[in-house]
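Peer 1: Feature table excerpt (Swiss-Prot):
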MOTIF     11-21  motif ''HIGH' region'
BINDING   CYS108, CYS110, CYS136, HIS138  Zn(2+) binding site
MOTIF     253-257  motif ''KMSKS' region'
BINDING   LYS256  ATP binding site
Amino acid sequence: MAKNVRVRYAPSPTGHLHIGGARTALFNYLFARHYGGKMVVRIEDTDIERNVEGGEESQLENLKWLGIDYDESIDKDGGYGPYRQTERLDIYRKYVNELLEQGHAYKCFCTPEELEREREEQRAAGIAAPQYSGKCRHLTPEQVAELEAQGKPYTIRLKVPEGKTYEVDDLVRGKVTFESKDIGDWVIVKANGIPTYNFAVVIDDHLMEISHVFRGEEHLSNTPKQLMVYEYFGWEPPQFAHMTLIVNEQRKKLSKRDESIIQFVSQYKELGYLPEAMFNFFALLGWSPEGEEEIFTKDELIRIFDVARLSKSPSMFDTKKLTWMNNQYIKKLDLDRLVELALPHLVKAGRLPADMSDEQRQWARDLIALYQEQMSYGAEIVSLSELFFKEEVEYEDEARQVLAEEQVPDVLSAFLANVRELEPFTADEIKAAIKAVQKSTGQKGKKLFMPIRAAVTGQTHGPELPFAIQLLGKQKVIERLERALHEKF
């Protein structure tokens, strides 16, 4: 990279951090860190009616949770602030006045009703993409002064140059061209005095010395408008990279109303997903490393990130893959951290009290350890461990079939006799008791283990049996064995 790399992620506080925004932030971050550059988080809060309370804090908090430790923002001044657009209105005003003075922009007094009428007339004439006619472009200074004196509200529009081709040399899509004739004179300042996105973003990116802009492909159509502003001021635009859409499993564009996918980072956090797994997963949404490996640490991703490997085709948000990936991380997780992740869900579900005794806390820790291999996310411990919290065992159909086999009464009777004598009631002692049953009954393998598992858990698959039996407790195991011996299957 010839110049200093400075990138930006510019969320609006109109909601919480969405998976699309998280992916954009992540690619900006990986690129900046790969080249030893800086990442700016700028808050684009000019759509005041749509801003939600706590939206700003939520965006920043979730970025930090993911491991995106940006360099500059509203909470980290890097000398390029303010980092909130509503605090930059005077800056925009200065540049708007410059364009007005140079004749590159003009005041437009057309009412919303007039503009709608224009659009309808153009549609009726078969024009698919209506544009502003530009009639206020030709007002004389006297006419403008008179309309202003009458207190008529106005917007400010940019004069679109005629007969120009705008070319974007995009890092993802290659060369993309736009014709100025397809773009009508567009509004740079709304009637309320607030600049529009396509104007403010150019001023900000230039003054903050942004070198590269990674953003979603829905912004591609904004690029020619932004290039016009760069051109009028004689500024060099940044290098653009428009990332492909994220689609759902039906290959449809992800919409915030799509209920088949959890869409906000905070929801994954609440469910007990790990930030390092989410970071890894988002990095593979529209970018692929060389080779087959899919599990990478943050530092590895920073080292191998290569813009040339950004995908040109839509990337599918595969929830099964995310769950699989999170499970890979959980398997390797330090038990203390896993307990921190999963235990609150058992409390929230009412399975355990909030103020646990040391004994209860140790039992919960052992329970969570028992399911470490199977658990895909923290909250899943509640459904996985259900059998430990039921008074009565519930038999699955497969368990009933196992318990109907002819050798079962012998196996269960022998095991029950051993369990009654067991002291201490530990996994090692339980393992020895199962071995003793093997000896006395001659049954082994599935014929031995399956009936015991089915009788005490109601299931045919599950965590390591001696440990599960230990955690169920001696009394509960005796009751369940007795019931299985008396019940008809």
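Placed from the backbone N, Cα and C atoms, the Cβ positions cover glycine too.
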Peer 1: Within 8 Å of the Cβ centroid of the Zn(2+) site residues CYS108, CYS110, CYS136, HIS138, which other residues of the same chain have their Cβ?
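Peer 2: Output for this site, in sequence order: TYR106, LYS107, PHE109, TYR132, GLY134, LYS135, ARG137, LEU139, ARG157.
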Peer 1: From the DSSP assignment alone, can you count helix, strand and coil residues within the motif ''KMSKS' region' (253-257)?
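Peer 2: Per-class counts: 0 helix, 1 strand, 4 coil.
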Peer 1: At the level of the C-alpha atoms, what whole-angstrom distance separates CYS108 (Zn(2+) binding site) and LYS256 (ATP binding site)?
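Peer 2: If we compare the Cα positions of CYS108 (Zn(2+) binding site) and LYS256 (ATP binding site), the gap is 35 Å.
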Peer 1: Which ones in the same chain are close to LYS256 (ATP binding site), with CB under 8 Å and 6+ residues apart in sequence?
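Peer 2: In sequence order, the residues whose Cβ lies under 8 Å from that of LYS256 (ATP binding site) (at least 6 apart) are HIS18, GLN263.
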Peer 1: How does the motif ''HIGH' region' (11-21) divide up by DSSP, counting helix, then strand, then coil residues?
Peer 2: 3 helix, 1 strand, 7 coil
Peer 1: Mean pLDDT over the motif ''KMSKS' region' (253-257): what is the value?
Peer 2: 77
Peer 1: Below 8 Å Cβ to Cβ and six or more residues apart, same chain only. Which residues does that give for CYS136 (Zn(2+) binding site)?
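Peer 2: In sequence order, the residues whose Cβ lies under 8 Å from that of CYS136 (Zn(2+) binding site) (at least 6 apart) are TYR106, LYS107, CYS108, PHE109, CYS110, ARG157.
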Peer 1: Taking the Cβ of each of the binding-site residues and counting other Cβ atoms inside 10 Å, which one has the highest number: CYS108, CYS110?
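Peer 2: Of the binding-site residues CYS108, CYS110, the highest Cβ count within 10 Å belongs to CYS108.
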Peer 1: Please give me the CB contact count at 10 A for HIS138 (Zn(2+) binding site), counting all chains in the structure.
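Peer 2: A count of 8.
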Peer 1: DSSP three-state call for CYS110 (Zn(2+) binding site): helix, strand or coil?
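Peer 2: The residue in question, CYS110 (Zn(2+) binding site), is coil (DSSP, three-state).
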